[in-house]
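This report concerns only the one structure given below.
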């Protein structure tokens, strides 16, 4: 790899172009945007400011910081992991090793949740991770309250931080729980949402290397063809839903048929699927 001397003056534009080329040569498809985002983070500026600094010289401190970021990206560590945060549904969420990186596909779950929530609704988000689903819903619907669960203490720590960041912590209760285990059966919700682990072990070979290497396995993989968590949640959902309430799942793009069978076996009366931007079935809406 071509090295940059710390004693040779280099502009922001030249440094950005250097890392863009390095990333592209290492088969990183998002080389252009990654080089911009990482340089902005290294310099603690936004992208508009970066344009204005195109011909300015980079300080040794920024150069060293960018080198560290660049080396991590060359090892295919995701940009969101390097920065410790990711954008989701118009907001930025902090993340750590116990959480998934929020993904655009999951925004479909939020959209359906907004449609399903009644006025002054109360909902639960199972396996909340960063809290991006529950917090996005609460931020959009100031009349609603929620419970969010996770089994990982580090994930709940991030959800708490993000709830404070987006000023919804007074309407969000965070609970350590494996799905419904710590949620009393008499607790009633208008909506239950979950983006649980749904990847079967044999599908590892099909996965993006960055997700496989850097996302927590606990949040990715499930037994029974990826359906184990769904079965556990389905078993406890009906008794916790208010009249007219709905259960929303994010699902794998090959799981619609399995999900429909599982929901019907759990007594569901209706199962509807909604597609993501790629045209894949991504959200299952289930009612009893």
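The backbone N, Cα and C atoms fix where each Cβ goes, glycine too.
Straight from TrEMBL, the features:
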type	residues	note
DOMAIN	14-84	domain 'Release factor glutamine methyltransferase N-terminal'
DOMAIN	114-205	domain 'Methyltransferase small'
BINDING	127, 128, 129, 130, 131, 150, 179, 195	S-adenosyl-L-methionine binding site
BINDING	195, 196, 197, 198	substrate binding site
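Structural mapping of features recorded in TrEMBL.
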| residue | record | Cβ within 10 Å |
| --- | --- | --- |
| 128 | S-adenosyl-L-methionine binding site | 30 |
| 129 | S-adenosyl-L-methionine binding site | 29 |
| 130 | S-adenosyl-L-methionine binding site | 25 |
| 131 | S-adenosyl-L-methionine binding site | 31 |
| 150 | S-adenosyl-L-methionine binding site | 27 |
| 179 | S-adenosyl-L-methionine binding site | 18 |
| 195 | S-adenosyl-L-methionine binding site | 26 |
| 196 | substrate binding site | 19 |
| 197 | substrate binding site | 20 |
| 198 | substrate binding site | 25 |
PLDDT averaged over the residues of the domain 'Methyltransferase small' (114-205): 97
Using Cα positions only, nearest of the binding-site residues to residue 197 (substrate binding site) (127, 128, 130, 179): 127
Alpha-carbon distance [residue 198 (substrate binding site); residue 131 (S-adenosyl-L-methionine binding site)] in Å: 18
For the domain 'Methyltransferase small' (114-205), the number of residues DSSP places in helix, strand and coil: 33 helix, 23 strand, 36 coil
Residue 196 (substrate binding site) versus residue 127 (S-adenosyl-L-methionine binding site) - Cα distance in angstrom: 6
DSSP-derived helix, strand and coil totals, residue by residue, for the domain 'Release factor glutamine methyltransferase N-terminal' (14-84): 51 helix, 1 strand, 19 coil
Distance, residue 196 (substrate binding site) to residue 150 (S-adenosyl-L-methionine binding site) (CA atoms, angstrom): 10
